[in-house]
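Asker: Pulled these from TrEMBL:
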type	residues	note
BINDING	C154, C157, C210, C213	Zn(2+) 1 binding site
BINDING	C170, C173, C196, C199	Zn(2+) 2 binding site
DOMAIN	5-71	domain 'J'
DOMAIN	141-222	domain 'CR-type'
ZN_FING	141-222	zinc finger
Amino acid sequence: MAKKDYYEVLELNRGASKDEIKKAYRKLSKKYHPDLNQDNKKEAEAKFKEISEAYEVLSDDNKKQMYDSYGHAAFENGNMGGQGFSGFNGFDGSSFDFSDIFSSFFGGSSSSYESRNYERVVRGKDLEYRINLKLKDIVSDYEAKVSYTRKGKCSVCDGTGAKNKEFVTCNVCSGRGYVTKVRNSIFGQVQQTEECNNCMASGKVAKEKCSNCQGLAYVEEKIEKTFKIPSGIEDQTRMRVRSLGNYPQGGGEFGDLYLRINVEEDKMFKRNGLDIHLEVPVKFTDAILGKEIEIPTLYGKEKYKLEEGTQTNTKTTLRSKGLNFRGNVGSQIVTFKVELPVGLNQEQKKLVEKLEKSLNQKNYTEQHSFFSFLKNLFV
């Protein structure tokens, strides 16, 4: 009989995340556990086995990749690479893993550490450094000088924490890297396996602690670096720099450094993606006569000839005057704000009145259209 698709077994769509796979397994394993289905225990056992087998594959990155590529054929004729389904013996002699149903109750893992050569690669903590920039700083690539303190690898013990790199077997876990605890559950007593905290799951401890780092494997060190921030970078971008984070206690691999880019808002230039928006005040006489004005940009001043009779809120676009990010260049969108004079003296007012008398309705295009509309409306 053909096996059912593992994603269908867990009621998932292909492409489900690890978290979604885990949640589905917990939900279904509780629902179909034989001890909770006494009325139809045989059917529950078969379903529970099916669920556990599906989870065993989809929760393992390597097995999942093989299954996604080749389906069930990936595990036929010994193609599991000799691993099989590790863990608990099933109700009919088959094997499946109880690890996540127990972790849902206890927050730990019950998978069999003895079924594999257990080694854990420990990573140090990731660090984040905030870089504050102004809009003008990202017009071109920016060289950011960064200085911070991290936990660096002890040079005396080569990051092992042990004098002369000499180790002995951990007396807490007897060199296994894990300890087993017995807890009570709704299924009775359950053996739960956890990483050994005494040896950081390595199975060994320093014979004698390094005097330079006190056995921690790391020492405080100051880092000074210069990083190139690309032009046009977005606000709140996180840039990852590998291995510039902390070194872990007991040894292992460096964590990463994340550069958090904070681009401050500019009082004059407003950003929208790679485009820049700017409001430019224009004297009413310049707008009427269509004079040449200067428009500020991030790259300097640009001369611009106004159209005669330019109205307020008229827009124009200056191509390639926006931000440049990896060859993609934005524009600068300019909105003109025609400014009327205030605080006129009597002589100036008379000149305005004289100008007004010389004008007629056709000089005001919007008013002319508006009143023509009203006139036709009531005809």
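The first residue you see is number 1, and the count goes up from there.
Positions of Cβ are set from backbone N, Cα and C atoms, glycine also.
Remember, TrEMBL labels are computer predictions, not curated facts.
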Asker: Could you name the residues, excluding C170, C173, C196, C199, of the same chain that surround the Zn(2+) 2 site, i.e. Cβ within 8 Å of the Cβ centre of those residues, in sequence order?
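Answerer: Apart from C170, C173, C196, C199, the close residues are N171, V172, S174, G175, R176, G177, Y178, V179, N197, N198, M200, A201, S202, G203, K204, V205.
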Asker: Taking the Cα atoms as reference points, how far is C199 (Zn(2+) 2 binding site) from C154 (Zn(2+) 1 binding site) in Å?
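Answerer: Given the Cα positions, C199 (Zn(2+) 2 binding site) is 18 Å from C154 (Zn(2+) 1 binding site).
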Asker: Determine, to the nearest whole angstrom, how far the Cα atom of C157 (Zn(2+) 1 binding site) is from the Cα atom of C173 (Zn(2+) 2 binding site).
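Answerer: That separation, Cα to Cα, works out to 24 Å.
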Asker: Which chain neighbours of the Zn(2+) 1 site, leaving out C154, C157, C210, C213, have a Cβ atom within 8 Å of the mean position of the site's Cβ atoms?
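Answerer: For the Zn(2+) 1 site, the extra neighbours are S155, V156, D158, G159, T160, G161, A162, K209, S211, N212, Q214, G215, L216, A217, Y218, V219.
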Asker: Could you tell me the mean pLDDT the prediction assigns to the zinc finger (141-222)?
Answerer: 91
Asker: Please report the distance from the Cα of C170 (Zn(2+) 2 binding site) to the Cα of C213 (Zn(2+) 1 binding site), rounded to the nearest angstrom.
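Answerer: C170 (Zn(2+) 2 binding site) and C213 (Zn(2+) 1 binding site) have their Cα atoms 20 Å apart.
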Asker: Taking DSSP states H, G and I as helix and E and B as strand, how many residues of the zinc finger (141-222) are helix, strand and coil?
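Answerer: Secondary-structure breakdown of the zinc finger (141-222): 3 helix, 41 strand, 38 coil.
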Asker: I need the nearest neighbour of C173 (Zn(2+) 2 binding site) among the binding-site residues C154, C210, C213, using C-alpha distances.
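Answerer: The answer is C210.
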Asker: Measure from the Cβ of C173 (Zn(2+) 2 binding site) and count the other Cβ atoms within 10 Å, all protein chains considered.
Answerer: 23
Asker: Measuring Cα to Cα, how far is C196 (Zn(2+) 2 binding site) from C210 (Zn(2+) 1 binding site) in Å?
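Answerer: Rounded to the nearest whole number, the Cα-Cα distance is 21 Å.
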Asker: Which chain-mates of C210 (Zn(2+) 1 binding site) that are at least 6 residues away have a CB under 8 A from its CB, listed by sequence?
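Answerer: Once residues fewer than 6 apart are set aside, C210 (Zn(2+) 1 binding site) is near C154, V156, C157, T160, G161, A162, K163, A217.
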Asker: How do the residues of the domain 'J' (5-71) split into helix, strand and coil according to DSSP?
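Answerer: For that range the per-state counts are 53 helix, 0 strand, 14 coil.
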Asker: Please give me the CB contact count at 10 A for C213 (Zn(2+) 1 binding site), counting all chains in the structure.
Answerer: 24
